[in-house]
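Peer 1: Starting off with a structure, shown below.
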Amino acid sequence: MGGAAVLDWMVQDGVRLENCRHDHPLAVLGPQPDDQGWTVRVWMPEAQKVTLLLGSQEIVTSTPNHPWIFEASTPSDPGSNYKLRVERGGITTEQHDPWAFRHEWMGEMDRHLFAEGNHHHIWQRMGAHLTQIDGISGVMFCLWAPNALTASVLGDLNSWDGRHHPMQKRLGGIWELFVPGLDAGTLYKYEIRSQEGHCYQKADPYGFQHEVRPDNSSVVARLEGYSWSDSSWMQDRDSRNALDQPISVYEMHIGSWIHASADEPWIQPDGQPRAPVPAADMKPGARLLTYAELSDRLIPYVKERGFTHIELMPITEHPFDGSWGYQVTGWYAPTSRYGTPDEFRAFVDRCHAEGIGVIIDWVPGHFPKDAHGLAFFDGTHLYEHGDPRIGEHKEWGTLIFNYSRNEVRNFLVANLVFWFEQFHIDGIRVDAVASMLYRDYLRPDGEWLPNENGGRENTEAVRFLQQANHVLFQHYPGALSIAEESTTWPMVTQPTDMGGLGFNLKWNMGWMHDMLDYFELDPWFRQFHQNNITFSIWYTYTENFMLALSHDEVVHGKSHLLHKMPGDDWQKYANTRALLAYMWTHPGKKTIFMGMEFGQRAEWNVWGDLEWDLLNYEPHKGIQRLVDDLNVLYKAQPALWRDDFDQFGFQWIDCNDNRHSVISFMRRDSASGTWLVVVANFTPQSHANYRVGVPLEGFYEEIFNTDAAKYGGSNLGNMGGKPTDACGIHGYEHSLDLCLPPLSLVVFQHDPKRTLIESSAPSD
């Protein structure tokens, strides 16, 4: 190529670089071989002078082709270890040349697996990575934007001017750039220019940290370096059946559990105060707690209550507090509202040290339309379906992932592995699964597209959920994967190789609705609705169910649990205690939302915090004691959890006494052969001499009674237990003559060590 042609070519390249329209800067910039040896070309917008520092040499560059392309000749390949002295705006700096590093970060196998949708650790390639190339430290930026005309990195490193750092386009729609000299804490975004020339500034989809709202830039963060101390917990978790244990979950929203004063900032380990993150305006002067403060306050509280797990409503980064976290923009980052990624790791580590598992809500069903997020990412519908009839939740104002695209599924499946690997979480609850499974979910006729078979099922989402659960249990066999699925979709908790969705637990939404409908009734009318309280047993073994009284039931005018109950305050408290006790003795794992454990009165409001002052009142303290003791009883009695998903674990004694609204049943443990007798009276009328059949004669100790005085009850009961009578009823030859307190549930345990003679002898 002649000199004039080269000159013309370089002028065109300079114009393309200046206008952010060059997708292959490494073809022009950095060390380039030529007839005389090597030419180093440097792209340095608005610089007045650039000097090439090569060993002891200082070579002044020239700008023969474009005022921002600085060139210098060398007889041999300078490699990547040279530096540049840059004079710009009266300031002189020295730096390495980003375009001296030609290393391809995303390898051929990485691209192949990603294109297949099977790169389970794709975050180790995508995003912003602190690394070294040729001994030089910096950050490798890697982005997937296959339809973009160009992509650039902008941020603190270049005064937010996308012209400075154009990225190199690789195969498979990957863009890369190594920027030497950057460190953790650098703010950045990607500037993406569409084929039509429109410019979009996007946060990193694989960003590992983001700014505190309302700002939304990504932040360079270290993935490695935290020193975990939970190895024994992790080994034990993955060596056992995840369901063969008591599971009692405290569901909570970190930002509205309790607030602190903005006048009392958290003091960091370096002795400096952390800038407070304001809470919402319901409490002027309030700030959010940090992950570190939650470690000191929340974990001891949950441990004292006896819960086995904490479930965190979404802690992935999200811009709007009012979404409760369910409109995610930062999938690979814990929200910065409460601190740094390492501080969240320390929170999980501390939970494990105290014997508490951590479950997070995971939201792969939709994402928001925020301009800095995934929507219309590279000027096309990259992550979402283009047709709103399948790509948009109009009622929620959000977009739906295109599960048919391999790279999109890979983004989500790898995200699941990421949270377990990077943050040692123990489980997920997948939100709004029904919205994923049905194409006509919340859509009128004419506003949804049928599947390839003409049906309403979203077969793409089904395959995605199956893949996600298969991969999760392949990597973490002891994990919990919980579906919030509100329909009768079959085999939700069956393994994927049997055609199921692959979850190992499903929220029992039918039980929840039936229970709340029943307990909201005036007790006199409950006799006509006995089916509400008993129906769940007829289907409870069709799935692995978790009983949940969640946040969804205490918002939007539904009232909190206590205020759903009829009657005066005494009856409200008693009904609440009876419902919670029935929940704990019914087959299935347990979840309740924060505030229910002490009888919160007001609806949950994300802008406020819980009514902790209620614990100054004995009835609320009594409900808290009840929940504490329910968890103690639950964990101490394998009959209440070991056979949750086996019909052996439950046996009705009598479910037909609707006239008295009384039920009785046994919970049984196949391993030890032990059992418990549970009797519940769901009216305010107490019953003396109420007879219940039992399988063996002997003494039955009363081990739990919701009407105990310490819980706020009337303290009616059975004097510690009752011996059997040889009076047959309910198909048994022996029975107990019981006192049933009002609005109560009582639990008895057969004591084979106490004879009938001992139990009937007068006490001293």
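Positions of Cβ are set from backbone N, Cα and C atoms, glycine also.
Dumping what Swiss-Prot says about this protein:
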- Asp431: active site, nucleophile (ACT_SITE)
- Glu484: active site, proton donor (ACT_SITE)
Peer 1: In Å, rounded, how far does the Cα of Glu484 (active site, proton donor) sit from the Cα of the residue listed as 'active site, nucleophile'?
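Peer 2: So the Cα of the residue listed as 'active site, nucleophile' lies 5 Å away from that of Glu484 (active site, proton donor).
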Peer 1: Among all protein chains shown, how many Cβ atoms are found within 10 Å of the Cβ of the residue listed as 'active site, proton donor', not counting that one?
Peer 2: 21
Peer 1: Cβ-Cβ under 8 Å from Asp431 (active site, nucleophile), same chain, 6 or more residues apart: which ones?
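Peer 2: Same-chain residues close to Asp431 (active site, nucleophile) (Cβ under 8 Å, separated by 6 or more) are Pro314, Tyr326, Asp361, Trp362, Val363, Gly365, Glu484.
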Peer 1: Under DSSP, is Glu484 (active site, proton donor) part of a helix or a strand, or is it coil?
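Peer 2: Once the DSSP labels are grouped into three classes, Glu484 (active site, proton donor) ends up as coil.
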